[in-house]
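Working notes, structure below.
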Amino acid sequence: MFKTVLVLGHIHGIRLQVHISWLVIFALLMVTLTTTLQHHHPEWALITSLLTALFTALLFFASILAHEMGHSIVAIRRGVPVKSITLFIFGGMAQLGRDSDNPEDEFRIAIAGPLVSLALAVGFFLLSVLSNPFSEALSVAFGWLGAINLIVAVFNLIPGFPLDGGRVFRAAVWRFTGDARKGVRAAVMGGRVVAYGLFALGIWNGLFFGNLIGGLWIILIAWFLLFLAEGHGKHYDLRERLAGITAGDLAEHHVPSVDARTPVSEWISQRVVPEARRAYMITGGGDVLGLLTLSDIKHLPRERWDHTPVSQFMTPIDRLHHVAPESDPEEVLGIMTEHGLNQLPVVDEDRVTGWIDRQRLLQAIEIHLATQPTSRPSNRAPSA
């Protein structure tokens, strides 16, 4: 299967990855930098411009990674887990395991990224000055990196989701009102204003300055920001309405199981087909050994079904992703989506107490939302 994300490695337990769309912006940046350098420095050989552009582009994306690491390191220090950092066509994004518990932590995590970019801007400007006497190419590259990091810092401080400034704005409103929901609404509204402003700027740029490509690019960024801002607002509302529901509430506590020695053919004919189930726990000696789903045997030839025990194709229990009974629906669905799973066991103190499948989870959420009021008490910030 073609993967859209390439994992580069891990730092402090954080998965670093690059989305396929990053290649588009990297190629575009290389072309833009090379042509700009050739225009402003016609005396340079083409290879000099190309190498300078490559050096600059790589350090630029390293700067974006450093920006996101700033968020991530502060988040971890404040007790907020970080799952991954992804570089993609519009920059970078750190995926936090949950939101902050208070506005002070929210502010610290949000402001860390722009502060890193500002520090990088100062550092690159200094390097530009220091390298100028012996290398014009390095001086130009460092000067551009200083300017672009300054732009990244300032742009990200605009007070609207999903920008860092939106989270700073949310933290401020949350702190002064004591209401997290008001903070989210204010930041989402700020995100809408920013997006609509960029839409207008893109149209103006294209129609009145004749820069159609630049105008379309600004409009695309505006659409992306609006999409994320609206999505964040809806996501927060959904999570508020699902507050109090746990994996233990949603789990099916009658866990269907089959003995580890059972042939695949018998499992299919006597359990899967009559019961219309796709997944079973595999047991042996009174213990749960693993999980087997229909997807696990899709490559097993039918002529081998009679002679193959179900234990041969199960996922061992120690390799299974699982959730605790107190896990919320967002966490359950997030694990399913991240790992491409349709079932998750619920484990309490090393004992499987039930399991949740994707269809049951979504149906339970739909029923709960249909029977609950749309408003819930707001989250109050802890008193200082």
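Cβ coordinates are placed from backbone N, Cα and C, and glycine is handled just like the others.
Computed from a predicted structure; not experimentally measured.
If you look up TrEMBL, you'll see GLU68 marked as active site. For GLU68 (active site), the same-chain residues that are 6 or more apart in sequence and have a Cβ closer than 8 Å to its Cβ are ILE85, GLY92, MET93, ALA94, GLY113. When secondary structure is read from DSSP and collapsed to three states, GLU68 (active site) falls in the helix class.
Look at TrEMBL and you will find HIS67, HIS71, ASP164 tagged as Zn(2+) binding site. Contacts of ASP164 (Zn(2+) binding site) defined by a Cβ separation under 8 A and a same-chain sequence distance of 6+ are given as HIS71, ALA110, ILE111, GLY113, PRO114, ASN156, LEU157, in order along the sequence.
TrEMBL lists 314-371 with the feature domain 'CBS'.
Per TrEMBL, the feature transmembrane segment maps to 20-37 (among others).
Annotated transmembrane segment per TrEMBL: 44-66 (among others), in sequence order.
Outside the transmembrane segment (78-97), and at least 6 residues removed from its termini, the chain residues within Cβ reach (under 8 Å) are 5, 13-19, 21-22, 24-25, 61, 64-65, 67-69, 71-72, 105, 108-109, 152, 221, 224, 338. Summarising the annotation, TrEMBL assigns transmembrane segment to 78-97 (among others).
Annotation source TrEMBL lists transmembrane segment at 109-130 (among others).
Per TrEMBL, the feature transmembrane segment maps to 142-163 (among others).
The transmembrane segment annotation in TrEMBL covers 184-203 (among others).
Taken from TrEMBL, the feature transmembrane segment covers 209-229 (among others).
Shown in sequence order, GLY92, GLY113, PRO114, VAL116, SER117, LEU120, VAL152, ASN156 are the residues of the chain, 6+ apart in sequence, with a C-beta less than 8 angstroms from the C-beta of HIS67 (Zn(2+) binding site).
All chains included, 26 other C-beta atoms sit within 10 angstroms of the C-beta of HIS71 (Zn(2+) binding site). Recorded stretches compared: 20-37, 44-66, 142-163, 184-203, 209-229; the one with the most Cβ pairs under 8 Å to the transmembrane segment (109-130) is 142-163.
A Cβ within 8 Å of the Cβ centre of HIS67, HIS71, ASP164, the residues given for Zn(2+), is found for these other residues of the same chain: GLU68, GLY70, GLY92, ALA94, ALA110, ALA112, GLY113, PRO114, VAL116, SER117, ASN156.
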